[in-house]
Amino acid sequence: MEQGNQTSASEFLLLAFSRWPEWQALLFVLFLCLYLTGLLGNLLILLAIVSDHRLHTPMYFFLANLSAVDLCLPSSTVPKMLLNIQAQTQTISYPGCLAQMYFCMMFANMDNFLLTVMAYDRFVAICHPLRYSTIMTQCLCASLVAVPWILATLNPLLHTLMLARLHFCSNNIIHHFFCDINSLLPLSCSNTSLNQFIVLAAVGLIFVVPSGCILASYSLIISAVMKIPSTQGKLKAFSTCGSHLALVILYYGTITGVYMSPSSNHSTEKDSAASVVFMVVVPMLNPFIYSLRNNELKGALKKAVSQTKIFSQ
């Protein structure tokens, strides 16, 4: 392989929003508001669950972990994006790019795993209500969170180490607002066939398998609910998993738009817009979706907010 044109990249240019310089101030305010709203919402969910002993149940334990991840996922990309918009530098160092890619992938993977775990939790609650407390023990709940964290940590570590072995050409322009592996691989002068194979394998293991588990869980849930004779009973059963189902549709809908739509339909603007929805909007909406029709959580939130006001006085 030719070595002459290969360089060790010291930085990359993130040019997703550089085409609209007149919109930079508006984009900065918009993304900042979305980011801060998401942080506040997820912090309140965490505060409510931790402070109210009535919410110390498996469902809310998983929700607390989801809120923690949704605090971290946008925080891995949005602060740098806001800094680039404000400073109009659009640069990120090579180590910073790898680190951003690693944490972004880790928290995105964890979001996916937690939605799968929460689907199983809803399956047990609806299909085996009398055995729920004996099945969803503290040990099992801890394992259902610990194992995904291990997998979510190791998967992006493999991608990062494989990417660090590559050489990059003189072209260091990324038409995105963060360092995404699909944007970095085309910039390499090295043979990336192994990297691409690992990416495809990871998609199968990290996304296809969990999504299949979610589909299987909801198939069994729907089958069990349809056997309930009363309409009121069916509605009550569906209401217990409605919020989670909305999160699943939102998550997989956006991730399909970002990574799984046909390449012929891709454009820089569409990819960036879909990624903003996935990285910023979805984590912001999660706490609102879960608290909208959940009276227990709304009561705990009101209590947590009132206690915060008392302590601040």
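Placement of Cβ uses the backbone N, Cα and C atoms for every residue, glycine included.
Remember, TrEMBL labels are computer predictions, not curated facts.
Features as listed in TrEMBL:
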- 41-290: domain 'G-protein coupled receptors family 1 profile' (DOMAIN)
- 23-47: transmembrane segment (TRANSMEM)
- 59-78: transmembrane segment (TRANSMEM)
- 98-120: transmembrane segment (TRANSMEM)
- 132-152: transmembrane segment (TRANSMEM)
- 197-225: transmembrane segment (TRANSMEM)
- 237-260: transmembrane segment (TRANSMEM)
- 272-292: transmembrane segment (TRANSMEM)
Out of 98-120, 132-152, 272-292, which stretch has the largest tally of CB pairs under 8 angstroms to the transmembrane segment (23-47)?
272-292
Taking the transmembrane segment (132-152) as reference, the highest number of CB pairs under 8 angstroms among 59-78, 98-120, 237-260 goes to 98-120
Cβ under 8 Å, sequence separation of at least 6 from the ends of the transmembrane segment (59-78): give me the contacting residues as numbers and ranges.
31, 35, 38-39, 42-43, 45-46, 49-50, 100, 103-104, 107-108, 110-111, 114-115, 117-118, 121-122, 125, 141, 144-145, 177-178, 279-280, 282-284, 286-287, 290, 297
Mind checking which residues of the chain, 6+ beyond the ends of the transmembrane segment (237-260), have their Cβ under 8 Å from one of its Cβ atoms?
108, 111-112, 115, 118-119, 122, 125-126, 182, 203, 207, 211, 214, 218, 221, 224-225, 228, 271, 274-275, 277-278, 281-282, 285-286, 289-290, 292-294
So which residues does the transmembrane segment (98-120) touch in its own chain, when a touch means Cβ under 8 Å and the partner is 6 or more beyond its ends?
59, 62-63, 65-66, 69-70, 72-73, 76-77, 80, 92, 144-145, 148-149, 151-153, 155-157, 159-160, 163-164, 178-181, 184, 206-207, 210-211, 213-214, 217-218, 244, 247-248, 251, 255, 278-279
